Amino acid sequence: MLRLLLALNFFPSIQVAENKILVKQSPMLVVNDNEVNLSCKYTYNLFSKEFRASLYKGADSAVEVCAVNGNHSHPLQSTNKEFNCTVKVGNETVTFYLQDLYVNQTDIYFCKLEVLYPPPYIDNEKSNGTIIHVKEKHLCPSPRSPESSKPFWALVVVNGVLVFYSLLVTVALSNCWMKNKRNRMLQSDYMNMTPRRPGPTRRHYQPYAPARDFAAYRS
């Protein structure tokens, strides 16, 4: 689309009639910060004249961006709701200040001037126009100011203190647990080493044998 607009912009202009006003516009304006100033320079002095100066968008000038009516001292402005536009009028120059432009508003723009009083009615011959190329804005992270970094460092310090306190509590609980475990083991060993009272012993009886009668052997 941009190439087509460039081709339209550089077509040779048609020969201007005697009752037409010439207008000079920049061939192309590149917008990087969503705002641009478009100056329309005319070969006609607007001082003490009743006029209407307007800016149109599109190759067929289908959309009126903004316009100013009246005279040099008391201009009345009207603006399309889709644009943020203000107008400044000079003796031979009308400047349109466009702000908050979007990428989809890239197009060719035409200046138009109509002299309403005194007669006769005169307007400008259509110029080659100005291509306004709106680039997409990429926001870069701004460096942090010292004031904005204070809450961040305060949060870091608080978190550090909490982590250190948690570590101390964990170490203390671990030491207590180890000491309790060691004490239980020592008590268990002491109980195992306590002398026990011997139980009743079994008596071993010799098997009974009848007593021998030695007197019988003697006789």
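Every residue, even glycine, has its Cβ placed from backbone N, Cα and C.
Comparing Asn104, Asn192 with the features listed in Swiss-Prot, the residue bearing the annotation N-linked glycosylation site is Asn104. Looking at Cys66, Cys111, the record from Swiss-Prot puts Cys85 in a disulfide bond with Cys66. In this structure the alpha carbons, written CA, of Cys40 (disulfide bond) and Cys66 (disulfide bond) are 13 Å apart.
Within the group of disulfide-bonded residues (Cys40, Cys85), the Cβ with the highest number of other Cβ atoms inside 10 Å belongs to Cys40. Ranked by how many other Cβ atoms sit within 10 Å of their Cβ, the disulfide-bonded residues Cys66, Cys111 place Cys66 at the bottom.
Counted within 10 Å of its Cβ, the other Cβ atoms near Ser188 (phosphoserine) come to 10, all protein chains included.
The separation of Cys111 (disulfide bond) from Cys66 (disulfide bond), Cα to Cα, is 10 Å. Over the topological domain 'Cytoplasmic' (179-219) the predicted model carries a mean pLDDT of 64.
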